[in-house]
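Asks: My questions all concern the structure below.
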Amino acid sequence: MFNEIDFTKIDLTGQPPADETKRQYYFMGKIRELLARESAVLGRPVTYCLQTFGCQMNEKQSEVVAGIMDEMGFDRKESEDADIVIYNTCTVRENANLKVYGRLGKLHNLKKHNPDMKIILFGCMMQEPHVVDKIRNDYPFVDLVFGTHNIFRFAELFYEMKNRDSQLVEIWEGTEQIVEELPTERNYSFKSGVNIMFGCNNFCSYCIVPYVRGRERSREPEAIVNEVKSLVADGVTEVMLLGQNVNSYGKTLEHPVTFAQLLQMVEAVPGLHRIRFMTSHPKDLSDELIEYMGKSKKVCHHLHLPMQSGSSRILKLMNRRYDKEKYLELVQKIRGAVPDISLTTDIIVGFPGETEEDFLETLDVVDKSNFDTAFTFIYSKRSGTPAAKMEDQVPEDVVKDRFDRLLSLVQEKGRMVSSRFQGTVQEVLVETESKEKGIFTGRTQYNLLVHFPGTSDMLGKYIQVRLDTCKGFYYLGTAVTEQE
Ligand code: 5AD
Ligand code: SF4
């Protein structure tokens, strides 16, 4: 769709155009010229490896970077012994940062054997000044560093990097700009994420996201619908609408639109079969949305509703702006309107000051809410956030013990809740063939994975599958009939 650029129509001899999209295509054209020469000298294609850490927003942005790399003529490979290695980084928890530093050590060795190798880092972690200082001082062999706000400038930055010997760093503090129509290389041909907004204004006290992703900005509904239409024309039947807090979508647009209204517009796109969205904040989940989910034909009956903690006292310290009762009320309300809903959540253990009583409140909400899955995280101190300065950080062994107790309850409940589908026939979208040949993996509208024997013509199709054996968070099944 966006990949059909006719480079013969771009004048590469003049100045770069002012229009941002055209400007980036101009630099893509310039690099294509450079690359053709390089590749001729090497006698082989020039390769790149792109790895993504973190969330689905990062996955989506990596698809743009991959689209630009492919457009410029590079060949993608999985392993890091490539000519160019690119990491899209995450910083939501310290672990994510440590992983990148560990990988950089290994890349340094590879680069010693291939001095022409280029190393590029971008994404959330690069928005933190102390990280950039460390890269400058301790990892001077990294060639290009950029952040989350200027990804659309990738082709131009790449061109600049090629024309210098020293490390190039370009980090923006924020941006109002949303650049549309850049090339995209999708991970799947039949499903795709669609950004509906960027940034976050909530400032939950533990979270680094508002500092690295900037203020909340919504895309115009027409731009979103047009993107969905072109995706559908290109074979996509399932979209995931992405934002840090989709329930506050559209509030700051010149002509405000609610998230439920946006869903309605997306639902009207012919040929689209399923709509998912991520992530919802309990404080902004509206009755209008709940009602819409109940009557929609395309919105999947799955809601990811991060609770973070079951203790009202901790929720207040987290600046979540709801309490335990409000959360439980919401769960009840959703189940009333959409009885077969699959609910999933995120929970943090060991937030500063969390007592055993607070933790028991969390277990209580897990017990009462019947989540299909809960993603559990050990609190990670992020410098610059209000929680990092809070006293009473919980000792590691106490946190570990709570984490284990939470995990076993979550797993026990999840297994019980997921078993409600035992023996039923469900429509699944077939996504991948597993390593074991002939075994395929599909996903129900409830986001539940099912492995079943099949054939490769089923990939990307909706198939009826009987769920025979519940294995906790996935099923083993049998294809019954093909639907589409
Ligand atoms: N420590 C642990 N978990 C965190 N999350 C966000 N910030 C932190 C942190 N500092 C979790 C939240 C969020 C999910 C994406 O990551 O549960 O919902
Ligand atoms: Fe972080 Fe809270 Fe924003 Fe989610 S809503 S990204 S947890 S600040």
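Residue numbering: from 1, along the chain as shown.
The backbone N, Cα and C atoms fix where each Cβ goes, and this holds for glycine too.
This is the feature table in TrEMBL:
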- 46-163: domain 'MTTase N-terminal' (DOMAIN)
- Cys55, Cys90, Cys124: [4Fe-4S] cluster 1 binding site (BINDING)
- 186-416: domain 'Radical SAM core' (DOMAIN)
- Cys200, Cys204, Cys207: [4Fe-4S] cluster 2 binding site (BINDING)
- 419-481: domain 'TRAM' (DOMAIN)
Asks: In whole Å, note down how far the CA of Cys55 ([4Fe-4S] cluster 1 binding site) lies from the CA of Cys200 ([4Fe-4S] cluster 2 binding site).
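Replies: Pair distance, Cα basis, whole Å: 14 Å.
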Asks: Validating a neighbour-count step here. Other CB atoms within 10 A of the CB of Cys207 ([4Fe-4S] cluster 2 binding site): how many?
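Replies: Excluding its own Cβ, the number within 10 Å is 21.
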Asks: Neighbour count first, Cβ atoms within 10 Å, every protein chain included; then name which of Cys55, Cys90, Cys124, Cys200, Cys204 tops the list of binding-site residues.
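Replies: Neighbour-count leader: Cys124.
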Asks: Within the domain 'MTTase N-terminal' (46-163), count helix residues (DSSP H, G, I), strand residues (E, B) and coil residues, in that order.
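Replies: Per DSSP, the residues of the domain 'MTTase N-terminal' (46-163) fall into 63 helix, 23 strand, 32 coil.
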Asks: Tell me, roughly as an integer, the mean pLDDT over the domain 'MTTase N-terminal' (46-163).
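Replies: Mean per-residue confidence for the domain 'MTTase N-terminal' (46-163): 96 out of 100.
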Asks: Around the [4Fe-4S] cluster 1 site formed by Cys55, Cys90, Cys124, list the extra residues of the same chain whose Cβ is within 8 Å of the site's Cβ centroid.
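Replies: Other same-chain residues near the [4Fe-4S] cluster 1 site: Phe53, Gly54, Met57, Asn58, Thr89, Thr91, Val92, Ala96, Gly123, Met125, Val209.
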Asks: What kind of secondary structure is Cys200 ([4Fe-4S] cluster 2 binding site) part of, going by DSSP in three states?
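Replies: Going by the DSSP assignment, Cys200 ([4Fe-4S] cluster 2 binding site) belongs to neither helix nor strand, so it counts as coil.
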Asks: Once Cys200, Cys204, Cys207 are set aside, which residues in the chain still have Cβ within 8 Å of the Cβ centroid of the [4Fe-4S] cluster 2 site?
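Replies: Near the [4Fe-4S] cluster 2 site, beyond Cys200, Cys204, Cys207, sit Asn202, Phe203, Tyr206, Ile208, Val209, Pro210, Gln244.
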Asks: Please state whether DSSP places Cys207 ([4Fe-4S] cluster 2 binding site) in a helix, a strand or coil.
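Replies: The three-state answer is coil.
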Asks: So, by DSSP, how many helix, strand and coil residues make up the domain 'TRAM' (419-481)?
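Replies: Tallied per class, the domain 'TRAM' (419-481) gives 6 helix, 37 strand, 20 coil.
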Asks: Round to the nearest Å and give the CA-to-CA distance linking Cys207 ([4Fe-4S] cluster 2 binding site) with Cys55 ([4Fe-4S] cluster 1 binding site).
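Replies: With distance taken Cα to Cα, Cys55 ([4Fe-4S] cluster 1 binding site) is 14 Å from Cys207 ([4Fe-4S] cluster 2 binding site).
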Asks: Do you know which of the binding-site residues Cys55, Cys90, Cys124, Cys200 end up with C-beta under 6 Å from ligand 2?
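Replies: The ones that qualify, in sequence order, are Cys200.
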Asks: Where ligand 1 binds, which of the binding-site residues Cys90, Cys124, Cys200, Cys204, Cys207 are close by, with Cβ under 6 Å?
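Replies: Listed by sequence, the hits are Cys207.
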Asks: Give me the Cα-Cα distance between Cys55 ([4Fe-4S] cluster 1 binding site) and Cys204 ([4Fe-4S] cluster 2 binding site), rounded to a whole Å.
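Replies: Cα-Cα distance, Cys55 ([4Fe-4S] cluster 1 binding site) to Cys204 ([4Fe-4S] cluster 2 binding site): 17 Å.
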Asks: Tell me the Cα distance separating Cys204 ([4Fe-4S] cluster 2 binding site) from Cys90 ([4Fe-4S] cluster 1 binding site), rounded to the nearest angstrom.
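Replies: Cα-Cα, rounded: 17 Å.
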